[in-house]
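As annotated by TrEMBL, domain 'HMA' applies to A:94-160. For A:179-197, A:217-234, A:255-271, A:291-310, A:437-455, A:461-484, A:749-770, A:776-801, the entry in TrEMBL reads transmembrane segment.
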């Protein structure tokens, strides 16, 4: 059935990953595969009778194009390194927890949990989808960690192993669990109190002796059930209020936390009900109190809900390899953290240099774009220093460690003060701002009511005053904020904009300055635009195409796609010098492409993004690759510049300043080091701006951290992104202004719902002031007002989002 | 007719056992991952054949 669909489709898609089979098409069992990697996975699954993988979701696999894992995990065969990753180990069993970011659907769960079927020696395999972690138990005598990891990588589920991974079990979120316990206890008590309160509401006949016995039983039972609600469930609010009052008395702060009016209300409810229970022995307001605390706790839980499968707090450690191959030591591989001055280690093609070192041997061509934003790789000679964070793009090199990892030039940035203190994101600032007036107003009304009844009917003083405090409890107010923000977060999430927590949305609405990084942010990270300088005939193009189509170098691939449509000629001989160029004989002609000094065989400086062409010893010109700007970048910036001050911070050289000048004007800085970027943001913020930084690489890490809101832009949300407050899918960068505007709308909705809850409060206080608030009325009115405010704010947020076509 | 009092106490005890079950589940990490169990229950067709643990 599947094949008949793909026949109708104009495009042939890979049976495994769903990608276009444009460049390669492997046909097997009537199924198309886009690369040998995808075919291998299919083959393994078929052999193990696990093709149910494809029945669950069509084309469920992860594309394996251009993936080469050979030798990548060799360091896992070193016992010391393996032990560091294992969480438990004895003679018969070893346990490991691996982080697998590419998990995305139910097929993944199925395949990975069926891992014991594919690989002998694996006992159990359990996946935590939310955290994207796979827990494996295996027999270390039958299978090694290296074999497991290699097979996972082959199947497209490459585990993420870096300097941060250790065998230690991830710590459990005790705060959330505590909250769940409280919700459980409070919910249990609230439900039972409500049930026990019914007889009282339906008018027991107290003259009847039997009814009177029950009434007392229910009264005391309610009191017992209310104790855990007050002392356990509401303890955070009582404590919070106590500390806030203490801070105010000491003069340390003049903010009255929103806990104060809440604690005031709960305490009033508790004391009044206790009095009612034991003195006149009538029903108290126990059900109102329990319901109130339950609602508040649920609101608090909603506030903690985040995208916990995304990681917002990454340091350089997540980027660095766990181990490197070392020379002349007892072990072949060494944990990067244990590297000491004087150690000699190897860095292979496409690997990251973990620490500052001196080049001993080999051909070093270091791409620092990750650290500096500079897009051209730098050539280093023997004896020169290479810095941490660079990526070796040529062959294997041998390096002599100069400094331990933690003190290298790159990691110094993380010793900056902005990384040492926790970035403060206020989640309750808005409610606290409101609470100041609220608290004073409530106390004033309660006092006025008390004074009024003192002169008119002294018996009603306490009933009226306590009733005012009870009704005025800002429950609806504290709930509308977390529920609205939670809705906004999930709407943003659907639009591939992931904020770290609710406070970020609040801060987003206050932004007035936006600072952009260039490489990887305004321009695309992996794609460039190819331009031919010089002239090539059709035949010559075919010659070049024949050469580049044989190479996997990124530049060759770009040139190859630029020359798409040429006919590949027969290649008689080909030799690639990594990081330099290719020598070949095509159709009997000698073709040399690559760097200028390579093709001309002279010492010449050339840009590394240029591919020079020499045919039969005649220089023909060169291809140059220029970074390509993202779609709609100009429209976006023009729109943003109307409302915001926008600026550009680039680590790259100013060769593109001409294009950018009309938009940024003088607010452009080039050749900025990570520290420069951080300082620039600091300077802006000190002058009173609220800065949002949008960047992508490690070079922006400092700026992202220092700015009020740091947004990491990424092609793949699951992949690495530096420490930030929000992650934005690169495809959606043109929607940036919509997000900022929506955060303002969300905040206005919260304010509107505050207004609604104030209206309810005025109504309730009117009742209370007259001393007429009966337990039944309170039990109906209080939850109803709270729920209606929550429905109002959540519903309105969805409606606005729908109107703006965000859902 | 004190039987109602006994019944109420019994009812609370039974409800209390569910509360205890909730505590147990929370401590056990049942609420840490809310997605994969929903998939797992649908997929378990032939795993029992080579149950190894």
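Here the Cβ of each residue, glycine as well, is placed from N, Cα and C on the backbone.
The listed stretches are A:179-197, A:255-271, A:749-770; of these, A:179-197 has the most Cβ pairs under 8 Å to the transmembrane segment (A:217-234). Touching of the transmembrane segment (A:776-801) and the transmembrane segment (A:461-484) is concluded from the presence of at least three CB pairs under 8 A, sequence neighbours closer than 6 excluded. Summed and averaged per residue, pLDDT over the domain 'HMA' (A:94-160) gives 82. Through the fold, the transmembrane segment (A:179-197) approaches residues 218, 221-222, 225-226, 228-229, 232-233, 236, 283, 286-287, 290-291, 293-294, 297-298, 300-301, 304, 775, 779 of its own chain, all at least 6 residues removed from its boundaries and within a Cβ separation under 8 Å. If you look at the transmembrane segment (A:437-455), the same-chain residues 6 or more away from its ends with a CB under 8 A from one of its CBs are 256, 258, 260-261, 264, 461, 464-465, 468-469, 472, 474, 477, 765, 768-769, 771.
Helix, strand and coil counts under DSSP for the domain 'HMA' (A:94-160) come to 22 helix, 19 strand, 26 coil.
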